[in-house]
Amino acid sequence: MTAGSTSPRPSARSASGRPKRGALLPTVIAVVVLIALFVGFTQVYTNILWFEQLGYLRVFITRNLAVIGLFVAAALIVAALMFLSLWLAHRHRPRGGEVTDTMRKYQQALDPVRKVVMVAVPLIFGLFAASTVATQWQTVMLFFNQEPFGQTDPQFSMDLGFYVFTLPFLRLLIGFLVTALLLAGVAGLLMHYVYGGIRIHERGITTTRAARVHLGSIVAAFLALQAVNFWLDRYSTLISSSGKWTGAMYTDVNAVIPTKGILAVAALLVAVLFVVAGFIGRWKLPLIGAAMLVVVAVVAGGLYPWAIQRFQVTPTEQALEKEFIQRNITMTRQAYGLDDTQVTPYDATTETEKGALRQDTETTSNIRLLDPNVVSSAFAQLQQFRPYYQFPEMLNVDRYDIDGQSQDTVIATRELNPDQIQGWYNQSVVYTHGYGVVAAYGSRVQSDGKPQFMQAGIPSKGEISDDYEPRIYFGEKSPNYSIVGGAAEDAPLELDRPQTNEGDAEDAKTTFTGNGGPNVGNWFNKLAYSIKFQSTDMLLSDAVRPESQILYDRNPRERVEKVAPYLTVDGKPYPAIVDNKVVWIVDAYTTAASYPYSSPSVLQDATKDTQTAQGTTAALPNERVNYIRNSVKATVNAYDGSVELYAWDDQDPVLKSWQNVFPSTVKPYSEMSADLMAHVRYPEDMFKVQRELLNRYHVTDANSFYANDDVWSVPNDPTQQNRNVSQPPYYLSMRMPGEKEANFSLTSSFIPQQNESGNTRNVMYGYLSANADAGTGKDGVKSENYGKLRLLELPRSSVVPGPGQAQNLFNSDTDVSQELNLLRQGASEVINGNLLTLPAGGGMLYVQPVYVQSSGDAAYPTLRRVLVGFGEKVGFAPTLDGALDEVFGGNSGAKTDTGAGVSEKAAEAAQGGKGKDSTPSPSPSGTPVPRSSSLQEALDTANKAMQDSDKAMKDGDWTKYGEAQDRLKRAIDDAMAQDGATK
């Protein structure tokens, strides 16, 4: 460089640009990490606010501390064992000696990062192992808080709590420790290999004393754990379902259980040999012991039990297995609450006679003609009033005392329809709640077939109550979230109810005054919930005031599941007006999967029926259980969302154990009001699980059970085109044979087990009812008869039609078909309602409402006919009374509810399509209603014309179609004229 020259100056861009580029990436990463952490924090923070507002913060804290504690403990145990194994292997590595080039390269690569690897690798594996253990927090909490069952198993005389609480925990613990030891062993083995503690060469494998002691101790610990596993296998035979029957059978008791004990002792002995070998350096004896252990496990644990089963049990299986089958029957019935089922032989007749129903007036007067799965659209058209309201697809059945008499009721809440509301402000601030309960008599309709409401309108009025809180802020169809409260008294923001003819000149508005959700008035809570719901509108809107609350997680099932995560919640909550407020009543279950000798059920499969298939009832989880109790009744206030849990089965050990985990969260049922008690009912999902078990476990004699020749099945729903789904149970008020009075009951029927060909007889074999009426009129006192199961067993020679056969009788009846075809004219649709089965008249009575729905968007079904079946006889009339009389010789002797059917005028209007046809209802059985030959000829002509019309339309021959329609019109006119002449 020449004198006077200056060194080149770096450009400003490069000088300033490189540091900026170098700092940009870490800055971006740091910002992203901070944002992610804050988003995660808001999820936890908003959960804390939600649980705290609801009064169940302890549940949130206890559950999360349990999960976090298990995760940390499991991760640390695995990491500590792996680190200790690595550290010991490195610390006791051989010094000096020959090292192969390959090993030297491994050591040179590992040494610079060895300390990091020895910490990081165990932590990574620990995190993976801990994630599995943490999901089992319920198993751990139940073990440490268990309550005894007070009953012992028939084999080991252990309290049943050992199998339900202790055994699952021990299995979890042993499985975790085995995993941790295997990871530690592999880690130590690799470290010994890399640093020369284990050398592989042509002469074989050589190990240092330190490596032998280290790895031998790990193998010994592994074998000791296997010994514990073998010992626990003895108890696990009582919950095994690997054979024909659940539980320890003859081979298990006499072969498997003894050999498992022998294997446990053998494994311990081999473990001791490995410890000794580690110190003395002689592996021959422990290796022989390990090989012998494998041989014994195969022979004694597999071949010997197989030989006992094949050559001793199979030839005389019934005699040898009888004792153990009886255990299975007894324990299964106990586990599912079937042990107190009252079985009554019922020699049902199929013969009819006049006055046969005179003794069943309490049953016939309560027969429900409104199908809650059909009339939802009728509720919507008659009571929805505005498009932003809706009713559920399936309504609910309850009962109310009206004028001192219990009335079965079809009931629903008028909830918001968020799909019809546009814009954030409207969705979140204005349209915040539904309004009112709508209820109709179950056993009567108006003269034109419409539901006869007992509670309806806006404002809500009726025979149930004129003075209750009608606002539905929490329901099955509520919006995702709403901002409520905080508005000035003179400037409310929430739409309360639409303009009506009751004096409201304009839409009424209101302000929520309850305590229903966390406060979002301060800026931090507002920011947290804006992030949670990804809404900038919430953050910027001036509609969010200092006193505003946010309502979310509003579905009753979801709220109960969150505050009681240990419960399985029934798929169908239902609303009731209780103590002048609307509450959702939610049934919840405690379950277990390791009740000894009890056969397992998969909840989702056992509860599957038409309603779950259609999505009108939530499906239960795909969980395998063998013990269930309806231990909790929960209520969710429809106005403020408050959740109350009541210990319905306060003797359930599983519930009592959970009460130890979450104290003061479940109240005794003695705190339930008389009004609430009156609306508690027997839960559907529990009943469906029980009836599924009764398909086999109605048999209580071991010999008969072994023969397996009396297996039942729940009939498929005959009203559905897809006949491969079970008929749902039905709520009915009726008097069972031998009882003094009618009770609100949940019912189902049984037919013989159906084979794949479908050729099995569809006849009635059994009829199950559960007393679903808990009310006594007193606070905190439930009826002694509530939950009582009664099973009517029909003779196996029964010719009483099952539901499928009864539906076929209805469908194949010529006169019924003719009238149904007439009802279908004018593009009307005929809808068969639920097929109800009732024990009455000394036999089984079938009743099915028939609805007609015209075409068009505003159409809804109305009752038009009632089908009745008894034996082979069918009645079909506008009224229930008329249909019963047709079956029972012209006078059934029954008393039916006022309005149990439609008027003759309405029936004529429906049948003729133009309001003129007055064809009397046919009487295919019993005492027939006389028809003139001219009238019958006209009906036959009409029927033929309809068939010709259908054929012409399918063929696309519109000329013949028009001719057939002309003949049909003339035939209908002739029929009306002839029928008028006979009156």
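Heads up, the Cβ atoms here are built off N, Cα and C, so glycines get one too.
As annotated by Swiss-Prot, transmembrane segment applies to 22-42 (among others).
Counting only same-chain residues 6+ beyond the ends of the transmembrane segment (67-87), those with a CB under 8 A from a CB of the stretch are 118-119, 121-123, 125-127, 129-131, 133-134, 136-137, 140, 176, 179-181, 183-185, 187-188, 191, 214, 218. The feature transmembrane segment is assigned by Swiss-Prot to 67-87 (among others), with sequence analysis given as support.
Residues or ranges marked as transmembrane segment by Swiss-Prot on the basis of sequence analysis: 116-136 (among others).
Positions annotated as transmembrane segment by Swiss-Prot, on the basis of sequence analysis: 172-192 (among others).
Away from its own ends, the transmembrane segment (213-233) comes close to residues 85, 88-89, 92, 167, 170-171, 174, 177-178, 181-182, 184-185, 188-189, 192, 207, 256, 260-261, 263-265, 267-268, 270-272, 274-275, 277-279, 286, 290, 293 of its chain (Cβ-Cβ under 8 Å, at least six residues beyond either end). What Swiss-Prot records for 213-233 (among others) is transmembrane segment.
What Swiss-Prot records for 261-281 (among others) is transmembrane segment, and it gives sequence analysis as the kind of evidence.
Listed as Cβ neighbours of the transmembrane segment (288-308) (distance under 8 Å, sequence separation of 6 or more from its ends, same chain) are residues 223, 250-252, 254-256, 259-260, 262-263, 266-267, 269-270, 273-274. Feature annotation from Swiss-Prot assigns transmembrane segment to 288-308 (among others); the stated evidence is sequence analysis.
The annotation region 'Disordered' is assigned in Swiss-Prot to 893-959.
Summarising the annotation, Swiss-Prot assigns compositional bias 'Basic and acidic residues' to 947-959.
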Tertiary contacts of the transmembrane segment (172-192), as residues 6+ beyond its ends and Cβ separation under 8 Å: 74, 77-78, 81-82, 84-86, 88-90, 93, 121-122, 125, 129, 133, 136, 139-140, 198, 207-208, 211, 214-215, 218-219, 221-222, 225-226, 228-229, 232
Outside the transmembrane segment (261-281), six or more residues from its ends: residues with CB under 8 Å to it: 209, 212-217, 219-224, 226-228, 230-231, 234, 289-290, 292-293, 296-297, 300-301
Residues of the parent chain within Cβ reach of the transmembrane segment (22-42), under 8 Å, 6 or more residues beyond its termini: 527-529, 531-532
